[in-house]
Structures are given as C-alpha cells and as structure tokens.
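Asks: Just passing along the structure, written as structure tokens.
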Amino acid sequence: MPKETPSKAAADALSDLEIKDSKSNLNKELETLREENRVKSDMLKEKLSKDAENHKAYLKSHQVHRHKLKEMEKEEPLLNEDKERTVLFPIKYHEIWQAYKRAEASFWTAEEIDLSKDIHDWNNRMNENERFFISRVLAFFAASDGIVNENLVENFSTEVQIPEAKSFYGFQIMIENIHSETYSLLIDTYIKDPKESEFLFNAIHTIPEIGEKAEWALRWIQDADALFGERLVAFASIEGVFFSGSFASIFWLKKRGMMPGLTFSNELICRDEGLHTDFACLLFAHLKNKPDPAIVEKIVTEAVEIEQRYFLDALPVALLGMNADLMNQYVEFVADRLLVAFGNKKYYKVENPFDFMENISLAGKTNFFEKRVSDYQKAGVMSKSTKQEAGAFTFNEDF
C-alpha cells in the first residue's frame, strides 16, 4: 500500500475542514432562516386569521344565492349517479372523454428524466441565489402536489359521478403521483444536506409564504359549504395561477441553456397541469347552475394577489435576473385567460410579457418537446380514439 505523503495528508485534512466548515455554515444559515420564518409565521398567523374572517363575511353576503345553488346541486347531472349506466360505453360526454384520452396519450414516468447533466450545472453554473430560488420553487411544487392529490382522492373523484370524468380524475391522481415523485427526486438530487432536504420537504410548515398558499387553497376546496363550481375554480387557480410563476421561472433557466433535466421535467409537468386546468374549466362549462361570476372573479384575483406577493417578498425573481413587474404581468395574463374560460370578462387586460412562454400559454400548442417526436404522445392513442368516436372504418378491425 503506497505511503501517504505529508502534502496529501495536509490536502485531505484541508478538504475535510472545508466540508465541515461548509456544513457548519449551512446549518447556521438554516437556523437563521428558521428563526426569520418563525417571526414571519407569527405575523402570518394573524393575517390568515383576518383573511379567514373576511372570507366568511364575504360568503355570508352571498348566502341566499349560494344556498339556492347548493340545493340545486342535487340535480346536477355531473354529480348525480345514473343507475342505468353500468358500463363506460357508449360514451355520453364526448368532450370530457376526449380530455381523458389527451391525458392518457401524455403519460410519462420519472425514470425518463435524465438528471446527470444537472449536477454539473447546479454545482458550477448556478450561483447561490439561483440555487436558493430553484430549491424553494421545488419545495412549493412538492407541497402543492400533496394538497392537489388529497383533494382529488377525497373530494372530486368521489363527488363526480359520470364515468368519463371519473376516468380523467383516476388518471390525474396517477400522474400527480408521478409529479410528486419527480419533485422528490429533484430535491434529493440537488440538495445533499439532510437538514436542508427536511426543511424543503416540510415547506408548508417551514416556509410561511408556502403555508399561506396552502391555507388559501384549503379554505376554498375543503369548505363543506362551498359549491362544487367554486371549488373547481379554486382548484384551477391552484394549478393555473399558483403554478404559473414557478413554471415561468424554470423556463427562464431553459432559455439560458441550464439544467436540462429540471427544465424537461418542467415542460412535461407544465403540459400536464395545463390539461388539468382545462379539464376543470370543461367541467365548469357542463354545470347547469354556475356560481356567481363575482365569486369566480374573487377566487381568481385572490390567487393572483398571493402569487404576486410570493414572488415579491418570499422569492424575488430578481434572484434569477428576471423582471418582477413582468412576472406580475404574466401572472395577471394567465389569470385573465382563466377568467375567460370560466365565462367571466378579463379583469387585468394585459398581454403576455414573456415571449418564451407564448407557445406554452396557448391551449393546444405544445411545440417544446424536443426529446420526442409528435407531442410526446403514446403512439396512436388519440387517433384511434377519434376514429372510433367518428365511426371511421379502419383496416385493423376484427371481422
């Protein structure tokens, strides 16, 4: 065995010392951050308490109309079981079924994301501010997916009775699990310190601003008195408005040629969430009795205020070199599109300020899948479904 030279021993000792110093500094930073967040959390609790009171007061002012709509929900076709319909075919709700087939054709798995090049970028190309920003974005995504899936499993998938919509929600639950796995893998890959990982995985409790988003979401979607239509709007606002700024910030990294694994997974997840948001709008359109447009507007604009505040105070986009005013405008642009989809008028009346988000923002346009030909769809799924519904003759039918 070769004898260790004094210079190598000194170098190893220095390396160990640097690692220990680095860990010590990280622990100090985390403790400082926790203390700052404890102070923020105390202030936020007071704000959330006031927000909850204002929320109840606002809904009380619409009590009579909402009570009538709640009673009328008993007659909603989407929410009432058709005991004579025991099998899926023949399809009754064709638009809803096509939404399911689009989701099915977009299936992917976490194993398809190559993170090997990201490690180099994370350690050598990204600065401390950028690493801080991305780690917090991933923490929010991981926390939000838990809320989304819980709502799907406990509420929407059991409340909606038509088989076409149940098919979509069943698939969405599975794909949200894949999103959750992907976010966890990303955090595990980039964040090597166990204490920091724990801090990020518990973001709802450790990062007050993410906790505020969660509280707002639960206030709307887990309220027993909330109308189904109101909860659809809130759910779409989570996946549409709350995710919009974070998606845009990661696409900004792609524009700079960084983090290919992260940005590719972001493309896939952004596309999925777009389908999920569109589906919420589609179900809303099928409701016979819709919520008051004023309440729809309030839900969406509340989400915008929280999202804009999040990127102003908690996670300044300047850390990535992005313009904060343009980010605010982008969130408003996304919100306007959502309001129009729900039958409301535009509230903000702004243009999309991010050219790199143009094709992503427009429904049906997905030209950013460079790793796959033809929209990353499983071969023939959509074409087969469309032909079957149209009654088209095909040469592979059984005779």
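In case you wondered, yes, glycine gets a Cβ from its N, Cα and C as well.
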Asks: Among Asp145, Asp188, Asp193, which residue does Swiss-Prot annotate as binding Fe cation 1 at the site that also has Glu176, His179?
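Replies: The one candidate that Swiss-Prot places in that Fe cation 1 site: Asp145.
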Asks: Among Glu209, Glu239, Glu307, which residue does Swiss-Prot annotate as binding Fe cation 2 at the site that also has Glu176, Glu273, His276?
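Replies: Checking Glu209, Glu239, Glu307 against Swiss-Prot: the Fe cation 2 site match is Glu239.
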Asks: Whole-number Å only: compute the distance from the Cα of Asp145 (Fe cation 1 binding site) to the Cα of Glu239 (Fe cation 2 binding site).
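Replies: Their Cα atoms are separated by 9 Å.
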Asks: When you average the Cβ positions of Glu176, Glu239, Glu273, His276 for the Fe cation 2 site, which other residues in that chain have a Cβ within 8 Å of that mean position?
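Replies: Along the chain, the qualifying residues are Val148, Gln172, Ile175, His179, Phe243, Asp272, Leu275, Thr277.
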Asks: If we check Cα distances from His179 (Fe cation 1 binding site), which of the binding-site residues Glu239, Glu273, His276 wins as closest?
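Replies: The answer is Glu273.
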Asks: What whole-number Å value do you get for the CA-CA distance of Glu273 (Fe cation 2 binding site) and Glu176 (Fe cation 1 binding site)?
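Replies: Counting only the Cα atoms, the answer is 9 Å.
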Asks: Centre the Cβ atoms of Asp145, Glu176, His179, go out 8 Å, and tell me which other residues of that chain have a Cβ in range of the Fe cation 1 site.
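Replies: For the Fe cation 1 site, the extra neighbours are Phe141, Ser144, Gly146, Val148, Asn149, Ile175, Asn177, Ile178, Ser180, Tyr183, Ile269.
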Asks: Given a separation of at least six residues and a C-beta threshold under 8 Å, show me what packs close to Tyr183 (active site) in the same chain.
Replies: Leu138, Phe141, Ala142, Asp145
Asks: Using DSSP, would you call Tyr183 (active site) helix, strand or coil?
Replies: helix
